[in-house]
Amino acid sequence: MKKLGLPIQILLGLIFGIIVGLVFYKHPGVETYLKPVGDIFMRLIKMVVVPVVFSSIVVGIAGMGSAKQLGKLGFRTILYFEVATTIAIAIGLLFANVFHPGAGVNMQALTQGDISTYMATEQEMAKGSHLDFIINIVPSNIIDSMAQGQLLPVIFFATLLGLSISAMGETGKPLLNFFKSFSSAMFHMVSYVLKVAPFGVFGLIGVTISKFGASSLIPLGKLIVTAYGAYLLFAIVCFGLVAKLFKINFIQFIKFFKDEFLLVFSTSSAESALPQVMKKLESYGGPKSIVSFVVPVGYSFNTDGSCIYLAVASLFIAQLYGIDMSLSAQITLLIILAITSKGISGVAGGALVVLLSSLAAAGLPLEGLAFIAGIDFILNMGRATINIIGNALASVVITKWEGQFDYERNKTDVVSSKTAV
């Protein structure tokens, strides 16, 4: 009998997790026994992300050549990210205005989640300024930044180290070879970690569904449909147009990365497939120097799905409380979200914390967050998937923009993988 592939195993884990969660709704035993399974898997993922990103960037930047080349690449990358995320916010606002997900919702029928942790984190963030955000990109202690999983300081340090190794010439080769071997070893480790992904997905989904059940989704069904409608439109129209503009076969692209996208959707975490996506982007035709820079930076700056979610959720809360936001107020909200969304990946609680700070800046009721905290996992499945698709596509776009796309490798690896399937 043929062994089931990893994608099928993950899908089965997702289905069985939902079934167990529904059957044992509110049963304490589910969290007692399944939560450790999901937690261990996510800890394994977090364990490998920083070493993979760090070693990949060092190798990529060292092989790039000069700081001038990096500056050109960095400018184009950030420009692309800013345009993409701004459009994502605009689409989120458009959908919320058209479908009014918060209008007519009975707040008495909603289950309120505990947001005390997010409130505490937001208050801590509020003490600093946007200038502090920039200052904190420069690590005072790189080991501490790595231990806390702060990717931006790690990216900054790895970039400087890569440039330094490149500037050393021949004397830097032994160190570069070490990082190449280390990077290869880390990707092998990722393949081992992914073997337990079906069990991790089963545990994560089972606990979530058993906590909130299907009944909690009904009053907020319109919000879920609106958010996923916006996700889908952005993926089809925006990603589709970008792919057409840069002559990328979008259907083929999605098929090539389908296993990784399914894993992200199932775990509700872009981190779960980040290393594997980076590895496959090289097979797709991208040079390591660009892939290892664009994808990790995009993890912090190109969060298209999160931007859509923040826009839809903000207007949902305004509508929930009967607040009519004018065009100028929504333009202000767009600017606020464009700024605050850049801090999502480096904050515990991610989008919910950023949403809280955005609500405060826009003068909207903070209490509204409690009504959607319970279904955040459902909304996050879609937004994390859009985030990872956006970053994978961005890497290919920037590669083509830089004129470094390897058409021969793309033809060989993509066609061979298609034949293997």
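Using N, Cα and C of the backbone, Cβ positions are placed for all residues, glycine too.
Automatic, uncurated: that is what TrEMBL annotation is.
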Inset, instruction - Look up transmembrane segment in TrEMBL and report which of 312-332, 333-353 it refers to. - result: 333-353
Legend entry - Contact check, the transmembrane segment (45-66) vs the transmembrane segment (151-169), 3+ Cβ pairs under 8 Å, seq sep 6+: yes
Inset, instruction - Residue list, the transmembrane segment (78-99) vs rest of chain: Cβ under 8 Å, 6 or more residues beyond ends. - result: 222, 225-227, 229-230, 233-234, 238, 242, 297-298, 301-305, 307-312, 314-316, 319, 330, 333-334, 337-338, 341, 390, 394, 397-398, 401
Legend entry - Same-chain residues at least 6 beyond the ends of the transmembrane segment (221-243) whose Cβ lies under 8 Å from its Cβ atoms: 84, 87-88, 91-92, 94-96, 99, 101-102, 105, 249-250, 253, 304-305, 308-309, 311-313, 316, 372, 375, 378-379, 382-383, 385-386, 389-390, 393, 397
Inset, instruction - Any chance you could find the range in 151-169, 189-209, 359-379 with the most Cβ pairs under 8 Å to the transmembrane segment (6-25)? - result: 189-209
